Amino acid sequence: MTVVIGFEGSANKIGVGIVRDGEVLSNPRRTYITPPGQGFLPSETAKHHRSVILTVLREALQQAGLKPADIDCVAYTKGPGMGAPLVTVALVARTVAQLWGKPLLGVNHCIGHIEMGRLITHANNPTVLYVSGGNTQVIAYSERRYRIFGETLDIAVGNCLDRFARVIKISNDPSPGYNIEQMAKRGSKYVELPYTVKGMDVSFSGILSYIEEAAHKMLSSGQCTAEDLCFSLQETLFAMLVEITERAMAHCNSQEVLIVGGVGCNLRLQEMMGVMCKERGARLFATDERFCIDNGVMIAQAGWEMFRSGHVTELSDSWITQRYRTDEVEVTWRD
Amino acid sequence: MLDGGTEYDIIRDKFRALDVAFPSAREASIAFQSLSPDREPRRGGATKELHAAGSTLSVRWTAEEARILRVSVGSFLDHLALVLETMIEFGPPVAQ
């Protein structure tokens, strides 16, 4: 049996999770929530993580019913993400690894999402749509790498949604994306927005500028409601994501789609992707907010795969990195 | 009026140092290994050197600007405090 504890804190969530051979033993998490109209900044986010990380770690051990001696490996997020929060989490991971005499393992955050999704859904070799506040990528596995077939040319889809939420002062609790999703259900009028798919890639910054500019004018003149804008933005963004995912599937002859990342728990996105999959005779795999949104177990699970195939990270190589592409990691644990 | 160059001249090439005493060499070494891997952000020309000798962790800074030195020392003290808290809560270190 191999037990791995994972530490994640690359953005505004801080989580510690424990897995034992594919079984999730615990996965506590906290979210740094900012007031409406405000995003989360690196130093404040790091401060938040610092104030709760030891409590979350204690919870993870208690809920799993384990002692430090039962753990085989300490995994943490090496990157990509925001520097200050990443350092905060890495400091604790390094320290406990040494106190407990366990090997340390730096994990790529994106690989964490993919391996978590594969574990929970049992998708075998899916085309992966990874959509979050910091990343938008269409990924497929080939010859020991998770290869990026398409990605955003500017901001991430979740960033586009979050920033739109700030413009019209939608609450960040529990998350701006969740609140947009609920409001969109009550929208009825479709406002046409730019649609920017460029080959395999997508671009969201132009759509954001357009809707930022138009929102207040349209709302104050009564042309449409905030709910209509939420609805229109979701439909446009998600249609673009479904299009590039379908193109990657056709390219790879894939019959499986796995959606991961925080935006992946949006049920409207899952529904639209499901329609496309049905038309192609493909299967859709998705997870709920426990595993879609950043969490400790995703790092533990990717760490478990890596550790079992012989990886460890020396302390001197355990520096964090804000940029770390998915395809930089050699996937030694898959055929 | 003082210009930026004056401050620069006062501080340049002078180092600020800090010694932190630990209960044993083992804890000093753990703190050293936890705090060393991340490089100082390159902008601003601050450098930070860590050494562990016996049960003492020593830090030495050089900086071209007082402002940068303050930021570097401040963030180091935050990091050190987190490592110490982690040690108190999840230590003592297992026998090697």
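Glycine is no exception: its Cβ is also placed from the backbone N, Cα and C atoms.
A TrEMBL annotation is a machine prediction, not a hand-curated record.
Given the structure is predicted, the values throughout are model-derived calculations rather than measurements.
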* Candidates A:Asp288, A:Asp294, A:Asp317, the one TrEMBL lists with A:His109, A:His113, A:Tyr130 as binding divalent metal cation -> A:Asp294
* Going by TrEMBL, A:Tyr130, A:Val131, A:Ser132, A:Gly133, A:Gly134, A:Asp162, A:Gly177, A:Glu181 bind substrate; tell me which of A:Asn27, A:Asn266, A:Asn295 is listed for that site too. => A:Asn266
* To do: Would you give the longest CA-CA distance, in whole angstrom, between residues of A:Tyr130, A:Val131, A:Ser132, A:Gly133, A:Gly134, A:Asp162, A:Gly177, A:Glu181, A:Asn266, the set recorded as binding substrate?
  => 18
* Asked: Relative to the Cα of A:Asp294 (divalent metal cation binding site), which of the binding-site residues A:Ser132, A:Gly134, A:Gly177, A:Asn266 have a Cα no more than 10 Å away?
  -> A:Ser132
* Residues near A:Ser132 (substrate binding site) in space but at least six apart in sequence (CB under 8 A) -> A:Ala11, A:His113, A:Ala156, A:Val157, A:Gly158, A:Gly261, A:Gly262, A:Val263, A:Gly264, A:Asp294
* Structure fact -> For A:His109 (divalent metal cation binding site), the spatially nearest of the binding-site residues A:Gly134, A:Gly177, A:Asn266, using Cα atoms, is A:Gly134
* Asked: What is the interatomic distance between the Cα atoms of A:Gly177 (substrate binding site) and A:Tyr130 (divalent metal cation binding site), given in whole Å?
  -> 15
* Asked: How many Å lie between the Cα of A:Asn266 (substrate binding site) and the Cα of A:Tyr130 (divalent metal cation binding site)?
  -> 13
